[in-house]
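Asker: Dumping what TrEMBL says about this protein:
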TRANSMEM  A:12-35  transmembrane segment
TRANSMEM  A:42-62  transmembrane segment
TRANSMEM  A:68-87  transmembrane segment
TRANSMEM  A:99-118  transmembrane segment
TRANSMEM  A:149-168  transmembrane segment
TRANSMEM  A:200-220  transmembrane segment
TRANSMEM  A:232-259  transmembrane segment
TRANSMEM  A:266-285  transmembrane segment
Amino acid sequence: MFELLGISPQVLFGQLLLGLINGSFYALLSLGLAVIFGLLNIINFSHGAQYMMGAFVAWMLLTYTGINYWWALALVPIIVGAFGVGIERLMISKLYHLDHLYGLLLTFGLALIIQGVFRNEYGVSGLPYSIPAELSGGQNLGFMFLPNYRAWVIFASAIVCFCTWFAIERTRLGAYLRAATENPTLVGAFGINVPRMITLTYGFGVALAAFAGVLAAPIYSVNPNMGADLIIVVFAVVVIGGMGSILGAILTGFGLGIVEGLTRVFYPEASAVVIFVIMAIVLLFKPAGLFGRAAS
Amino acid sequence: MKLRTLALASLAALLMAGSAMAQTSVKIGVLNDRSGIYADLSGEGSVIAARMAVEDFDAAAKGINVEIVSADHQNKPDIASNIARQWYDQDGVDAIFDVPTSSAALAVAEISRDKNKIFMDSGAGSADLTGKSCSPNTVHWTYDTWALAHGTGSALVKEGFKKWFFLTADYAFGQALEKDTSAVVVENGGEVVGAVRHPFPGTDFSSYLLQAQASGADVIGLANAGGDTVNAIKQAAEFGITQAGQKLAALLIFITDVHALGLETAQGLVLTESFYWDMNDQTRAWSKRFAEQNGGNMPTMVHAGVYASVLHYLKAVEATGGKDTTAVMAKMKEMPTDDPLFGKGEIRADGRHIHDMYLFQVKSPEESKGPWDYYKLLATIPAKDAFRPLADGGCDLVK
């Protein structure tokens, strides 16, 4: 820790901000996972592949049809979300009465297939996707150079996270959803189409992953393995936050981004494991996660 | 009816004549990454290159029957070892080609030595293959960490970029590349002001890049490969690091990576390679044929190395009139090499293939005239200076 002395507050602020940016991606992705797990009880292992599809579909829209980044931001979640709806209807819905493990295996298998198809078609080196002209350049904050695009990532992700949280925890629709997970039969008896609601929820979770994929396309390499690299970390985030807790996923996502950012300054070699160390500690003391409710 | 009988008879005669002429049958195995991060720079492209070598050599007409097999080693040494063993023991493979990923290549070199078969590496980087782990059965064709470090490192220091900061992938290859390049920098009067070791593979490099920026270095040396390098370069552009005057040196980058980055982001990068498709009429003609079979993608230096090494191997088989390992290896080292891609060269006693290396700079989008027009030549590093001197490698075969 002696290096602490060698690091000026300016550098520290810079790293905190960077951590927040990475945290934005963790938050968006773990939010989608938490929504799907919380409301469907499915551990969606193909989340990383769906994030990757988001980035790829954005690239395809730009390359084949000339549709720019801003339209992609709106269209891609719809396209990939519709794909998710198809998957849920055709496959996942058959597994609700079985153990969690079957859903996990199915979605894991799907992730491998999706990645394989993209790898076969586009290779592994990745594809170029430029930052939209409106967001290129950056601001000199004194302690660091903040690219405009990164500021936009924090902003967009915070808005989406807030809206999702609000919709599920504070609106009537959200109340139906939460009730349907507690007791689907009873909610159905009130005349609410529970299976359709669940299908749309899965589609929404997938759309969140795709949205994160579009946000990531201009700054990370767009390649078939991009989701596989990230998904393990995101799972740890969800576990720390508490499986199924919406607020937990968001806050833990941002928080762990910052912790990871700080680790990169003090001891970079450990930055890949720090999240898992925290996960182990949290599981020891609070097995349900920081924001999770203990299983009844 | 008569005509058909006659035609069949002459066809049969032709086939018999053909088999009578084919006195030697060789089976070569192309072992590389067919699904992971190195699949684009080696992968199926290397099989295409090997096939082109067999065609261009006109092996059938010279009485040599060549069969090519291929497999995916997934960049894992244990898988590579198993396949190599199976190929040599059960499938009758005579020589293995390509094998990217240093750890996998070192494992295959070991097995080839045990089984007394031939191993000609193109894709791997470790200079140990012809250094302390050298073997009478190994030829290392395309490049190595020593050549990369010296090519890019010394060129930049001599240009006045003296203060270096390394961004290093935290595993054997990255560390070796950092070590080799640091030595070159210091040797040429430069200075290493810092280094940061990032977990492999990484996604976000902005944090390390800011540390590199704060260090006040002239050059940020990227001692990593594949997706890590692509991400680091992409983010350096985003954070305005190159625009602010610091130079990026990608110590190992392939043309497929530049293609993935796009020129807007990759422009100005300085790099060392042993082959570029747009060097002369011969490389252009060959690369055009290659691209037609490879989905329009131009060859990397690894593909070129596979082509040239297969060609040289077949020449040695023809010259010795057989495929005896010892005789073919001796012939390959005795005979100077000559092919359309690397020009004239030789294989040294330690197994190192010697040829010119080139220092390139990535063009700006304005300079580029079309797809895959990516590099401009800054300097040619003559063969005699491009690789580690024979005496310095610590190879037993040299003493």
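Each residue, glycine too, has its Cβ placed from N, Cα and C.
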Asker: Would you confirm whether the transmembrane segment (A:232-259) and the transmembrane segment (A:12-35) meet the contact rule of 3 or more C-beta pairs below 8 angstroms, pairs 6 or more apart in sequence?
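Answerer: By the criterion, they touch.
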Asker: Quick one: find which recorded stretch in A:12-35, A:149-168, A:200-220, A:266-285 has the most Cβ pairs under 8 Å with the transmembrane segment (A:68-87).
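Answerer: Comparing A:12-35, A:149-168, A:200-220, A:266-285: A:200-220 has the most Cβ pairs near the transmembrane segment (A:68-87).
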Asker: Quickly jot the same-chain residues contacting the transmembrane segment (A:149-168) by Cβ under 8 Å, restricted to those at least six beyond its ends, or write none.
Answerer: 18, 20-21, 24-25, 27-28, 31, 35, 73, 131-132, 135-136, 138-139, 174, 177-178, 208, 211-212, 215, 218-219, 246-247, 250
